[in-house]
Amino acid sequence: MTVPGTTASVSTKRSRVRFAVLASNFVILSLNYADRAVIGVAAPLIIAEFGFSNAAFGWILAAFAFTYSPFGFIGGWLADRHGPAKVMGWAAIAWSCFTALTAAGVGFVSLLLIRLLFGAGEGPQATVTAKIMHSWFPKRELGTAVGIANAATPLGGAIGTPVVVAILGATQGNWRIPFVVFGALGVLFAIGWFVVVRDTPEQHRWVSPAELAHIREDRVPGATVGDDGEHADHLPWWQYLTRPAVWTTAVAYFGYAWILWTFLNWFPTYLVNERGIDLDELAVAGAVPWVGGCIGLALGGLFTDLLVRRTGRSLGPRRWTVVVCLAATGLLFGGIGLVSSTVGAVALMTVVVFLLYFTGAQYWLIVGEAVPGPTYGSVSGAVQMFATTASIIAPALTGYLVDSSLGWTGTFAFAAAVALAGALLLALFGNVRSTPRPA
């Protein structure tokens, strides 16, 4: 016979495993973006060693996205079928190995091929992160959780930039060493990931009944693998792509990605070649905007969660957050080349990256509201695949635009126009709600 009070005491003691999962995701995404930042910081040295033009090096940067984009969809599809924890762990091992392999590059072709492999490894991380957060957090905490998880991406850039600069300084400018160091770290972090993370709280032996009940009482319907949810409409995943909330989000996310990839790949080169800063100054100037992005992502999730709780609506607050902040991002980004001082340009870029990342969690959350959980990985993967075609086009086209009569000022203005177009389409057409689900 149970002693009175014992069961109640055990059942009400709530574990906090979901925050350990969030922390693990935060760490793995920090490394993910630190790995991406390495080539941006090392770019002037690589270009100088091999004698690349900006246009030629732009194709090396763009090669990453040729595989990153489709593997975002493939990763989401695999996560729907085999679980997001396994997909993320093996993806981290893959991208870390290919990061280290970059050090073996001996020219245009080899660097191009290695970047293709690196992009394939990194592709799944965004869609898989979104699926893990939807599985592990109740709806009222979801925006904050996704925002915090994704805040790791600019933090990775903020930390990675000065670390790469320090390694370059300690090795007399040997650009190959940072790739090896970050690759080795990634394999170690992936091992830790497999220890801590499971696909769902139901599968994790550390999760208490009280925490499981807390997650389940307000979880997005159908958030877990094999759970259809009481409101699921059992349509093939591709049919959800025609829903206005989905396709307009994809277009807006394309504008977001264009700004992000132009900044990620070319801003260090802009500071060195156009503004004339040295390697030591780049450690600070290249990192400061990433700090703004980290703050923006964390605050964006908190802000929209607050709006959702106060208004009782989900899509509207998230959509208008994207519209306003993405439009402001575009307008400010277009003015970077017009600022006279280097300090002013870095300060303005910091505001740009803050506003850009303020929207960062919202794209995934809007899609999560529009589609049921069993298809979320596939649909969000398709959205990512479309949006990140910008990561193919922007790095390559930027190289050509900079070498053309437009120069850096015209290049920034062109990127601004892309972001503004995405914000406008979401504002005009994204308010049409999802079609009614069958009874």
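A Cβ is built for glycine as well, from the same backbone N, Cα and C atoms used for every other residue.
Note: TrEMBL annotation is automatic and uncurated.
For reference, TrEMBL has these:
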- 21-434: domain 'Major facilitator superfamily (MFS) profile' (DOMAIN)
- 17-34: transmembrane segment (TRANSMEM)
- 46-68: transmembrane segment (TRANSMEM)
- 88-114: transmembrane segment (TRANSMEM)
- 175-196: transmembrane segment (TRANSMEM)
- 245-267: transmembrane segment (TRANSMEM)
- 287-308: transmembrane segment (TRANSMEM)
- 320-339: transmembrane segment (TRANSMEM)
- 345-367: transmembrane segment (TRANSMEM)
- 379-402: transmembrane segment (TRANSMEM)
- 408-429: transmembrane segment (TRANSMEM)
Taking the transmembrane segment (175-196) as the first stretch and the transmembrane segment (320-339) as the second, find out whether 3 or more Cβ pairs fall under 8 Å, excluding pairs closer than 6 in sequence. no
Are there at least 3 C-beta pairs under 8 angstroms linking the transmembrane segment (46-68) and the transmembrane segment (379-402), leaving out pairs fewer than 6 apart in sequence? yes
Given the cut-off of 8 Å on Cβ pairs that are 6 or more apart in sequence, determine whether the transmembrane segment (345-367) and the transmembrane segment (287-308) share at least 3 such pairs. yes
Long-range environment of the transmembrane segment (408-429) - Cβ separation under 8 angstroms, sequence gap at least 6: 244, 248-249, 251-256, 258-259, 262, 270, 274, 319-320, 322-324, 326-327, 329-331, 333-338, 390, 394, 398, 401-402
Check the transmembrane segment (46-68) against each of 17-34, 88-114, 245-267, 320-339 and return whichever range has the most CB pairs under 8 Å. 88-114
Are the transmembrane segment (320-339) and the transmembrane segment (245-267) close, by which I mean at least 3 Cβ pairs under 8 Å that are 6+ residues apart in sequence? yes
